[in-house]
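Structure first, commentary second.
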Amino acid sequence: SERPKRVFNIYWNVPTFMCHQYGLYFDEVTNFNIKHNSKDNFQGDKIAIFYDPGEFPALLPLKYGKYKIRNGGVPQEGNITIHLQRFIEHLDKTYPNRNFSGIGVIDFERWRPIFRQNWGNMKIYKNFSIDLVRKEHPFWNKKMIELEASKRFEKYARLFMEETLKLAKKTRKQADWGYYGYPYCFNMSPTNFVPDCDVTAMRENDEMSWLFNNQNVLLPSVYVRRELTPDQRIGLVQGRVKEAVRISNNLKHSPKVFSYWWYVYQDETNTFLTETDVKKTFQEIVINGGDGIIIWGSSSDVNSLSKCMRLREYLLTVLGPIAVNVTEAVN
């Protein structure tokens, strides 16, 4: 089913309330057709992001390659009751309003529910899971052990992610919920240095309908890097938006696709995107069928007077005017 033509919305998800202490306010955000939480609250009426909420099983890095085990360390060892209880406490504490009707973002990035996708600094989750099975079945061969580890991990990873989402939807019924970063694409990456998503990842996304069926919004991340060429930056955005729209089109309820976009380069966070990069990445999101953009910012972008002044200047001269042009052109 094709997704109906929708209104294109841009949201402000930047902790600019931190600039108020310097007497700097960001009231102009709304003048640029950008949806902005009232009083510049970070968790507010239009959008609220919850970082690592509840008590998801995790291996929290300590010094010297050691880690602290939280709630069992891996999903198959975790206590879901404790997690869901803490999750609700977290929600009620950060954003008590049960009538919240904005976008609710669950930002959980410690592991991924597809076993294979836990590489890089997430590889510890694979190793930990494999060790558990090996201790239990010392005489199994490597292949059998890995298969069993993968099966157990994925079963409970799904349980944790699915139940968390269902609980969020149950307690904040009017909100539109989704997990930050999903669906993953793994394009413009060392092993897949092209705009198109990794083929295996696309197949895995198709198998993750249990997650996407429960989300009202899909929230791919399109942060770009300075090390890429301007064309490669566009390719990165294109592939990720396309994949999210593809997933949405395959679902009965066609969830909206809002791309998470950061105004600095991911590998050079003191440099704002050039005007051309802003225009082209925004256009790419529109062209490929996205429903909107969530402008994100880190607390370390706004933790000094000079940083706040720079961001304000950038909003007024570059980002704001482009946001107006894009929203007016589409709508």
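The backbone N, Cα and C atoms fix where each Cβ goes, and this holds for glycine too.
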Site from Asn79, Asn99 that Swiss-Prot describes as N-linked glycosylation site, others unannotated there | Asn79
According to the record in Swiss-Prot, which candidate from Cys197, Cys308 pairs with Cys185 in a disulphide?
-> Cys197
In sequence order, what residues of the same chain, 6+ apart, have a Cβ less than 8 Å from the Cβ of Glu109 (active site, proton donor)?
-> Asp52, Tyr180, Gly181
With an 8 Å cut-off on Cβ-Cβ distance and a minimum sequence separation of at least 6, pull the same-chain contacts of Asn79 (N-linked glycosylation site), or say none.
-> Asn71, Gly72
Assigned conformation of Cys308 (disulfide bond) - DSSP reduced to three states = helix
Determine the Cβ neighbour count for Cys308 (disulfide bond): the number of other Cβ atoms within 10 Å of its Cβ.
-> 22
